[in-house]
Amino acid sequence: MIKRIKKRNLETTTKSMEKNHSENSGLNKSLDDNISLFKNIFKNDETLIIRGFQNKRLQSAQCCIFYLDGMVNAEIINENIIQPVLSNDLSENIESNNLLEELKKKVIVSNNVTLETEVNKMVSSIINGDTLFLLEGYDKALIISSKGGETRPITEPTSSRIIRGPREGFTESIMLNLSLVRRKIKNPEFKVKFKEIGERTHTKTCICYIEGLALEGILNELELRLDKIEIDGIIDSGYIQELIKDAPYSPFETIGSSERPDVIAAKLLEGRIALFVDGSPFVLTVPYLVVENFQSNEDYYNNYIFSSMNRLIRGFTAVTSITIPAIFLSLVTYHQEMLPTPLLLSISSSRQGVPFPTVVSLFIMLFIFDMLREAGTRMPSSVGQAVNIVGTLVLGQAAVEARLVSAPVIIVTALTGIMTLINMNFISATIIFRTFLLIGASFLGIYGFLMCIIILYLHLMSIRSFGVPYMMNVTRAKDHDGQDAWIRAPWWAMTLRPKIIAANDLVRQSSRLGKEK
Amino acid sequence: MQKEQLSDKEAIFLIIVFVIGSSLITGVGGEADNDAWIAVVVGLIMVMPMILVFSRILSLFQGKDLFDILTLTLGKRISKIVAIMYIWYAFHLGALVLRNFGEFINIVAMPETPMFVPLFCLGLLCIVAVRLGIEVMGRTTAYFLPILFLIIVIVQLLAIPQLHLNYLKPILGSGLIPVLKGGFSALSFPFAETVLFIGVFGSLKTKKSPFKVYYWGILISALIIIITTIRNLAVLGNMRDSFYFPSYAAVGSIKIGNFIERIEVSVAFIFVFGVFIKSSICLLVACKGIGKMFNLKDYRSIVIQTGLLMIYLSYIIYDNSMMMKYWAFKVYPFYAFPFQVIIPITIWIFAEYKARKNKMNCFSSKCP
């Protein structure tokens, strides 16, 4: 019902928009009429600048330009449009009768000028930061590219730091982002397809892939899903990420995002497809597998033994950050016989006088840790010290001394917290499944814990990302599948690309492959 | 929805987990006393011809599952009756396995927890798994089986100091008859229970594979069972009859230094996972059968109902553990014999006949 109402509303708004435009479709030959037409369209928008001028010699060449203040590069307009039109000796240079065409060909200095007749397109190009050029006596207009406006400079992304590797990061401008990737893949097979999403925002998005590597099926599926999106606005790529996700209710991400051009370039070279969204420094990649959560771009630039070790740590901590509290709980409350006696004694002595059962104190402490984490990410940096002191002293030491919680619980919480922060990609899934496992363990001890683990893995195994099993390569060590999963094999050994994703062209290093045989 | 596919490896793993699942809890071939491991070998030899029959049926009707095959071979009316029998068998076996687990939890792990709680939790797990489908179960098993192997091997190694191999002597002390009896019971539980996989392997990929899958699956799982049986015998000796769950007790006696002791909970993982896979397969076959009976498009719509009924059946099926043991060793082999041996052989004969006739008629394997 709601959907239907929404649809109707949408239809009426689009209709009214069309109506608005269709009333004044087509330009007049009179310049004054045209000016008032555009004034009418941008009625309450005071950033629209209308500048009329005429040529020195040729009095009949009365022209007028429209642009939005702040969206354009004023230098381009001054030097490449107004200056030449004003000072050029038009009466001598112009031969044919079509003055507008002559201006386009000979006078206006710009890399991109198009002749336009439709008002709709003129309006949208003004909004995009181009300049509209009207001439007295013509019902056509020139659209001159003059996009400008400030963008953020290329800086190192703060979401993930690296020690070795390229330091540039994406910005909010889609064209700049594209150029960053293109500078790394200098190949005509690098394809770029644009698409506008968002009924009101008309956000530019673009699909990038390398022809011959990316699978047609995945590409078509991505386009299909993008076509299905009907939303009024896209502000960040996160919108699209959630709208086209494979398993909508799952806390696991099946679409990757990165802020680094080198990461995106490497994924494109593996046969993946990238999706750039204007206004967002995070570029999406599909298909996205679970192992990619543990891959860092630095792995590929450092020594492979060191990288493999780091990757194993990441994988290990991802598992333990979910399981440690539940294992601790089931050992302490149900299976005390599993613990060595001295450890059991010290745990139970530290629990003396603590009012809450272990499960309650674990829940409380984990919740407090998440609160601290949230406070740490959002707070202004000047108050960081206060949070630190409160977190360490008040909640840690003082809570134990006051016998609100036992010391082992604090240790487990701290351990879990650190391990959660190692895998920030996983954080939502970690928190949800950690709680889930904790509940299971509090009901049935290690048995409940195991059942919840099985459910977790059933869920993981059932997810697919654009047709590719999410857990692919985790279980296989055969051939070339496992060499970029739990470990990072040395570059000279990675002669093949990932099997299912780059099925079109598997060979990455043909010369080495030949030697091996 | 595309057809679910199972690779050979996943199928072998499923069989292994299915076979070792509940048999590791209750022990196999109890009639043969300290020759139980020989009984397992005898059971393995006995099951070999049955494997041939099962895989032959599967390769004659590739891509079809048990209930399709029944309709194709036995005709409409008789096949319905046989299908109902198999649905009951799967349903009942699933409930028995669940109950095994419930007894296990109730006796050794949590005596104060009502048995319904573990039954219900594991039953829900099975429902989730069956709804996700055989492919997901296969992949999950492929992920977990290496861990299971690791646990089994480590526990086996740790148990070496406790082994008293003289407990195994005298070999064949009380003659051949108990060993054959034990072998017969090992045939019915767990080996020939794999008859249910005919209902699942419609999703297998290649035509040649059913025999390979059955062969390797049964062989590896029999090896595991033989090794653990020997371990249990050699660790527990004459005391083994006083335990309901000999594996658990045997592992519980492992003690190395002052640090590694009482590690039986680590074995719980094998139990939980094995029981889970076994009862899920049973539930899956039962649901598929019911779905076929009533011409449903997808069996998934009846999984929850069937699963809940299975949980309830498992709750009311026995009064106590003694009854379970009596049923498992005394009654079950004869109860299961028709399902595991007689009906499959009948189907096989009819199937061969049908296949010959089809070949004569139209020379094409596509003919129904």
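Numbers here mean position along the shown chain, with the first residue as 1.
Here the Cβ of each residue, glycine as well, is placed from N, Cα and C on the backbone.
Pulled from TrEMBL:
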- B:12-30: transmembrane segment (TRANSMEM)
- B:36-61: transmembrane segment (TRANSMEM)
- B:81-101: transmembrane segment (TRANSMEM)
- B:113-134: transmembrane segment (TRANSMEM)
- B:141-163: transmembrane segment (TRANSMEM)
- B:183-201: transmembrane segment (TRANSMEM)
- B:213-234: transmembrane segment (TRANSMEM)
- B:267-287: transmembrane segment (TRANSMEM)
- B:299-318: transmembrane segment (TRANSMEM)
- B:330-351: transmembrane segment (TRANSMEM)
(request) Answer with yes or no whether the transmembrane segment (B:267-287) touches the transmembrane segment (B:141-163) by the criterion of at least three Cβ pairs under 8 A, sequence separation 6 or more. (result) yes
(message) Take the C-beta pairs under 8 A between the transmembrane segment (B:12-30) and each of B:36-61, B:81-101, B:183-201, B:299-318. Which stretch has the highest count?
(response) B:183-201
(message) Is it the case that the transmembrane segment (B:330-351) and the transmembrane segment (B:36-61) touch, counting contact as three or more CB pairs under 8 Å in which the residues of each pair are 6 or more positions apart?
(response) yes
(message) As a test: from B:81-101, B:113-134, B:183-201, B:213-234, pick the stretch that has the greatest number of Cβ pairs under 8 Å with the transmembrane segment (B:267-287).
(response) B:81-101
(request) Compare B:36-61, B:183-201, B:213-234, B:299-318 by their Cβ pairs under 8 Å to the transmembrane segment (B:113-134) and return the stretch that comes out on top. (result) B:299-318
(message) If I count Cβ-Cβ pairs under 8 A between the transmembrane segment (B:299-318) and each of B:36-61, B:81-101, B:213-234, which range comes out on top?
(response) B:81-101
(message) Which residues of the chain, 6 or more past the ends of the transmembrane segment (B:81-101), have a CB below 8 A from one of its CBs?
(response) 21-22, 25-26, 66-67, 70-71, 74, 118-119, 122-123, 126, 193, 196, 199, 271-272, 275, 278-279, 282-283, 285-286, 289-290, 292-293, 306, 309-311, 313-315, 317-318, 324, 327-328, 332, 336, 338-339, 343
(message) With Cβ-Cβ distances below 8 Å as the criterion, list the same-chain residues six or more beyond the ends of the transmembrane segment (B:213-234) that contact it, or say none.
(response) 8, 11-16, 18-20, 23-24, 27-29, 34, 36-37, 40-41, 43-44, 47, 51, 54-55, 152, 156, 159, 162-165, 167-168, 190-191, 194, 197, 201, 204, 240, 246-247, 250
(message) Can you tell me which parts of the same chain pack against the transmembrane segment (B:183-201), counting only residues 6+ beyond its ends and a CB-CB cutoff under 8 A?
(response) 6, 11, 14-15, 18-23, 28-32, 38-47, 50-51, 54, 57-58, 65-67, 69, 86, 89-90, 93, 134, 210, 213-214, 217-218, 221-222, 225, 281-282, 284-285, 288-289, 328-329, 332-333, 336-337, 339-341, 344
